[in-house]
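**Q** Quick one: the structure is below, questions incoming.
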Amino acid sequence: MGSSFGKNFRVTTFGESHGGAVGVILDGCPPKLKINIDLIQNELDRRRPGQSKITTPRNEDDKLEILSGLKEGITLGTPIAMMVRNKDQRPGDYSNLEQVFRPSHADGTYHLKYGIQAGSGGGRASARETIGRVAAGAIAKQLLKNLFNTEILSWVKRIHDIDSQVNKNKLTLSKIDSNIVRCPDDKVAAKMIKRIKELQQDGDSCGGVIECLVKNVPSGLGMPVFDKLEADLAKALMSLPATKGFEIGSGFLGTYLRGSEHNDSFIESDDISKLKTISNNSGGIQGGISNGENIEMKIAFKPTATIGKEQKTVNADGKEVLMKAKGRHDPCVLPRAVPMVDSMVALVLADHLLLHQAQCSIIK
């Protein structure tokens with residue numbers, strides 16, 4: 001319970017941060033889809049620890065192992081099982097935290113729910129769990145790209161109080177990945193990197209905002225009322241570790257506008273299936289259904305909860321204790337969270353694509 005996501009394009013992740021391996025079982029992927037395995041590994045490399053001086057120093061190569069579901073790079077329509085082995089576990093780093101509830105971690109709430117919790121690395125609450133999501137999301141991205149040329153681009157918009165403004169018309173994956181913080185504005189990226197390093201040296205951390213743009217979105221994805229596309233996107237993205245906020249389109253800023261300013265008027269077209277709007281305050285979704293415009297979202301991530309400063313907390317007996325984290329951690333999660341955001345968006349869109357085809361493509 002709680003480890004599966006999706007209806008038709010369904011993922012189930014498994015494993016803990018300091019266990020033997022982490023992975024995913026992807027069920028419902030259409031057969032005969034050609035998969036570039038190198039692209040899956042590339043997404044895992046973008047997510048892996050130890051990739052720069054502003055990420056956790058945990059040294060994992062995150063080499064992908066595909067156990068089932070593919071034959072010579074072609075999907076069989078059967079469950080696709082993928083796994084990455086953990087090779088640099090150091091559970092001893094957490095020996096002083098046994099039965100201690102770290103502030104703003106899942107230790108306390110896991111203990112309250114289950115009466116027991118993983119003693120090291122956060123267990124299932126660790127960002128290491130997202131390896132399975134990223135692997136499955138890489139397949140979803142290829143499905144969407146092959147069928148509709150859909151492109152999902154996420155980048156770091158803000159770190160702490162350092163914000164960026166990006167020309168979305170010129171945005172590319174190579175530009176996003178051109179620096180270690182994954183902000184396509186090089187001048188702002190340099191300031192972000194400096195801030196992260198300063199906080200890291202002080203034993204502290206920071207959060208920020210990731211922005212996501214989806215191009216070439218098929219119209220008609222999503223369902224009314226309880227299965228609205230933006231509702232499922234919100235659930236997917238808010239399920240990522242450290243997320244605390246979600247906006248789509250104009251978001252909260254839209255509340256400052258009048259209806260006459262906010263409405264997205266349609267443009268006359270000879271092809272009703274390719275309607276465009278003058279503005280895109282709706283963020284590509286109206287009535288819970290995609291309208292074919294770009295989907296635009298922002299996701300807020302809190303500061304990394306594991307910090308190098310001494311803090312007061314309590315243990316499993318409710319007694320106050322002083323603690324100082326020794327484990328390896330990211331001073332800011334956002335640079336590595338970018339491919340996680342991409343993957344969750346891809347999984348939602350792939351799932352809704354299959355749902356749409358199942359309901360609306362039988363009778364022409």
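Placed from the backbone N, Cα and C atoms, the Cβ positions cover glycine too.
Feature table excerpt (Swiss-Prot):
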{"type": "BINDING", "residues": "R47", "note": "NADP(+) binding site"}
{"type": "BINDING", "residues": "R124, A125, S126, G287, K302, P303, T304, A305, T306, R328", "note": "FMN binding site"}
**Q** Near R124 (FMN binding site), how many other Cβ atoms are within 10 Å of its Cβ?
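**A** R124 (FMN binding site): 20 neighbouring Cβ atoms within 10 Å.
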**Q** A 10 Å Cβ contact count, applied to the binding-site residues R47, K302: which residue has the minimum?
**A** K302
**Q** Using a Cβ cut-off under 8 Å and a sequence separation of 6 or more, which residues in the same chain sit near S126 (FMN binding site)?
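**A** Correct list: E16, S17, P241.
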**Q** Given the FMN binding site residues R124, A125, S126, G287, K302, P303, T304, A305, T306, R328 in the record, what is the largest Cα to Cα distance, rounded to whole Å?
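**A** Taking every pair of listed residues, the largest Cα separation comes to 44 Å.
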**Q** With every protein chain in view, what's the tally of Cβ atoms within 10 Å of the Cβ of T306 (FMN binding site), excluding that atom itself?
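**A** I get 20 for this one.
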